[in-house]
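Notes for the one structure printed next.
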């Protein structure tokens, strides 16, 4: 395993490309474990597959001068083609060589979403759309299904890329913009729900004005209740802050009074110390001292 000195054979390259087409780029362990490709890639490791796929994905013009362009392979099943016919085509003819399977996706094959992000390649769009319609048909929710429900339905049943949730959200918005899906919005949730639209010819019941006004009133009442609750909570928080500030002011006042008392005591102590020093000097000099 992992012997880099072995040159890649044509069978190994074909098995690698077929494995990438089945499991996708980056799924090197799955490709090596697949019985369909295990025999051809028995002498290769995950790093070998990754390096070889990177080399195959690099454009021919960007490689060094030492890398020689490989001549096109001629299938045994088709008619024999002379090498001179390929290298030197007759006038007014352009040789067309089909692209190798599972080649690198070009930027022109990517589909941008509404935000300008390229997330879906054109080849897989029909496959993704089929997964979406399958999930919505199985879920069959009259109020629609959100992105999470659709994603959790598709993920265990199909093999999807790591960024499939982002791709799914983009495809749902695109299908809704194309009127292939119906976008349902609710007052209680900010998420968007999607469902398969009713078939043509099915008459939708006319919305009732009273029920609409009632729902609007309920929504307004809920919003008012939420705003009042937020105001009450803000008032309580402000009152608590005021009480804390008053307590700190009282503590500061007490500390100032205590400091003033200690300053007076220190001043009186200093005076007593001076008197004691004078008395000591007089006694040391033999002078009589009268105490009042």
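Glycine is treated like the rest: Cβ placed from N, Cα and C.
Noted in TrEMBL for the protein shown:
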type	residues	note
DOMAIN	1-62	domain 'HTH myb-type'
DOMAIN	1-57	domain 'Myb-like'
REGION	82-101	region 'Disordered'
COMPBIAS	88-101	compositional bias 'Pro residues'
DOMAIN	124-198	domain 'H15'
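Residue counts for the domain 'HTH myb-type' (1-62) under DSSP, helix first, then strand, then coil, are 39 helix, 0 strand, 23 coil. When the domain 'H15' (124-198) is classified with DSSP, helix, strand and coil residues number 38 helix, 9 strand, 28 coil.
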